[in-house]
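Engineer: So TrEMBL has the following annotated:
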type: TRANSMEM; residues: 12-31; note: transmembrane segment
type: TRANSMEM; residues: 51-70; note: transmembrane segment
type: TRANSMEM; residues: 76-105; note: transmembrane segment
type: TRANSMEM; residues: 126-147; note: transmembrane segment
type: TRANSMEM; residues: 159-179; note: transmembrane segment
type: TRANSMEM; residues: 191-215; note: transmembrane segment
type: TRANSMEM; residues: 237-256; note: transmembrane segment
type: TRANSMEM; residues: 277-302; note: transmembrane segment
type: TRANSMEM; residues: 337-363; note: transmembrane segment
type: TRANSMEM; residues: 384-402; note: transmembrane segment
type: TRANSMEM; residues: 437-459; note: transmembrane segment
type: TRANSMEM; residues: 506-527; note: transmembrane segment
């Protein structure tokens with residue numbers, strides 16, 4: 001494999017500077033926040049954060065290096081239809097802010113899994129906590145290792161040096177500064193990520209002669225395949241799989257995942273928490289547009305000579321670093337900026353995970369069983385951050401031994417969110433839900449999701465379902481190359497389930513788990529006679545939690561005041577009309593309802 005160029009001294013300087021500033025923020029909050037004597041101060045920032053930094057932190061946590069390196073490749077290989085995920089973000093933010101946020105914020109909990117004990121039982125709380133810890137530790141190790149491997153093989157950045165430096169820096173500022181350090185470091189890192197993506201976009205536009213050229217190349221190559229309304233659930237990406245499946249997927253992240261919930265419950269008021277989610281929505285749109293357009297730039301450059309087919313890179317994930325060195329190597333430090341952007345994504349995701357793991361361990365596994373003072377819990381929180389940082393670095397080492405199982409592990413980890421979303425939704429939306437129904441639903445949903453996911457890894461979907469687009473090499477300066485072909489397993493015998501059940505779009509794994517949990521839970525409850533359980537106040541959704549209901553009440557009050565004032569004026573000016581009295585009586589009746 002050949003590389004377009006190599007890393008220069010200035011690139012290393014820029015990359016190192018990003019790590020130093022990130023660590024410096026943690027050191028600053030370690031000294032300025034010496035008053036963080038309680039675990040609440042350390043884990044949720046004393047519930048004093050404002051909307052804007054929390055919103056940027058929410059976005060940075062979402063935008064891992066897998067987003068920076070993987071989304072452009074997704075567009076390069078399958079087309080720009082992935083931009084439809086922006087519709088899913090709108091639905092996700094609406095559901096998270098209206099249904100889940102009010103419940104968690106009102107209860108004032110540190111761990112989202114505390115809710116499961118309040119609503120169901122201690123067993124279900126522990127089950128949820130253990131699932132979250134396994135999922136997050138495994139995923140975080142992969143997030144550290146996967147981009148390090150891709151960047152190492154293209155740029156020459158030392159693999160284990162990068163893994164250790166990112167892991168150690170992340171653990172350092174998580175342990176020293178707590179949630180405030182994590183949030184403000186995320187703010188810095190999201191700026192670096194945008195700068196890296198914009199550098200690629202600007203240089204690509206300049207070299208290709210304008211945005212219109214890139215759009216034209218993409219259209220001719222079939223990459224602008226945005227509107228596909230095929231309802232077939234076996235198709236990898238369609239309007240329905242991305243919007244419906246994406247809504248469930250990201251609601252399981254922003255609605256109930258500890259790493260995200262911990263941020264918005266750290267806000268000083270529910271208004272700031274909701275504003276953080278809506279500002280985050282704008283950031284998600286910007287991230288998606290930038291990363292998708294980077295994919296179109298990638299195709300515009302290599303439309304006639306695909307580096308992967310030509311064996312200039314050994315994996316698709318290496319295409320973005322290859323492009324960066326190809327078009328930006330003459331600008332010292334700019335390739336380093338892009339690598340810093342990718343690793344900023346890693347740092348933000350890992351720091352979120354480490355802080356969340358420490359929070360659930362303290363809240364769910366230590367505080368209920370050990371009598372510790374607040375100061376002792378604060379020190380225990382720092383110890384847990386240090387411990388989980390080391391565990392995640394170790395998991396990166398395990399990931400290096402997994403080989404072809406890497407993608408399989410990421411997919412299996414992803415199916416945990418759907419059943420957990422179903423469990424929380426069952427408790428919040430259905431007052432009749434009980435512990436037996438919740439546990440039966442969770443086990444069923446988890447088993448079904450894992451079954452279809454593992455089956456899909458053993459028997460990958462056929463190309464007619466995934467529909468990869470053509471990648472050609474006729475413009476390369478070598479002979480003997482052939483066009484890329486998709487499937488090497490056409491002649492292998494496949495069972496009936498392989499081309500039906502196992503070929504379900506991966507975006508439907510989450511909805512499958514969620515719907516299964518709710519359905520099985522309600523069936524079990526009905527078999528018990530549908531007995532009503534006594535539910536503690538504030539554990540289920542109410543109309544008072546909904547923004548539209550509050551807006552309706554405010555509008556109704558203002559209209560009533562206006563009519564009262566108008567009728568009073570008309571009576572005293574002898575211009576009173578009977579229909580106004582009827583209108584007034586109608587609004588007074590509405591206020592009683």
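Cβ coordinates are placed from backbone N, Cα and C, and glycine is handled just like the others.
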Engineer: Which range wins on Cβ pairs under 8 Å with the transmembrane segment (384-402): 12-31, 126-147, 191-215, 337-363, 437-459?
Structural biologist: 126-147
Engineer: Go through 12-31, 76-105, 126-147, 191-215, 337-363 and flag the stretch with the largest number of C-beta pairs under 8 Å relative to the transmembrane segment (237-256).
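Structural biologist: The stretch I would name here is 76-105.
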Engineer: Of the listed stretches 76-105, 159-179, 506-527, which one has the most C-beta pairs under 8 A with the transmembrane segment (277-302)?
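Structural biologist: Going through each listed stretch, the top one turns out to be 76-105.
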Engineer: To the transmembrane segment (12-31), which of 51-70, 76-105, 159-179, 191-215, 437-459 is linked by the most Cβ pairs under 8 Å?
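Structural biologist: Of the candidates 51-70, 76-105, 159-179, 191-215, 437-459, 159-179 scores highest.
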Engineer: Looking only at residues six or more beyond either end of the transmembrane segment (191-215), which have a C-beta under 8 A from one in the stretch?
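Structural biologist: Same-chain residues near the transmembrane segment (191-215) but 6 or more away: 18, 60, 63, 68, 224, 286-287, 290-291, 293-294, 296-297, 300-301, 320, 323-324, 327-328, 334, 337-342, 344-345.
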Engineer: Select the range from 51-70, 76-105, 126-147, 159-179, 337-363 that forms the most Cβ-Cβ pairs under 8 Å with the transmembrane segment (437-459).
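Structural biologist: Against the transmembrane segment (437-459), the leading stretch is 126-147.
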Engineer: With pairs restricted to those 6 or more apart in sequence, evaluate whether the transmembrane segment (337-363) and the transmembrane segment (126-147) have 3+ C-beta pairs under 8 Å.
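Structural biologist: They do touch: at least three Cβ pairs between the two stretches lie under 8 Å.
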Engineer: Can you tell me which recorded stretch out of 51-70, 126-147, 506-527 has the most Cβ pairs within less than 8 Å of the transmembrane segment (159-179)?
Structural biologist: 126-147
Engineer: Which sequence positions outside the transmembrane segment (126-147), separated from its termini by at least 6 residues, show Cβ-Cβ distances below 8 Å to it?
Structural biologist: 64-66, 68-69, 111, 113, 116, 163, 166-167, 257-259, 317, 342-343, 345-346, 349-350, 353-354, 356-357, 360-361, 364-365, 388, 391-400, 406, 409-410, 413, 416-417, 420, 423, 439, 442, 446
Engineer: What else in the chain is close to the transmembrane segment (51-70), if you only count residues 6 or more beyond its ends and a Cβ gap under 8 Å?
Structural biologist: 143, 146-147, 150, 182-184, 186-187, 189-190, 193, 196-197, 253-254, 259-260, 263-264, 266-267, 272-273, 275-280, 283-284, 287, 291, 317, 320-321, 341-346, 348-349, 352
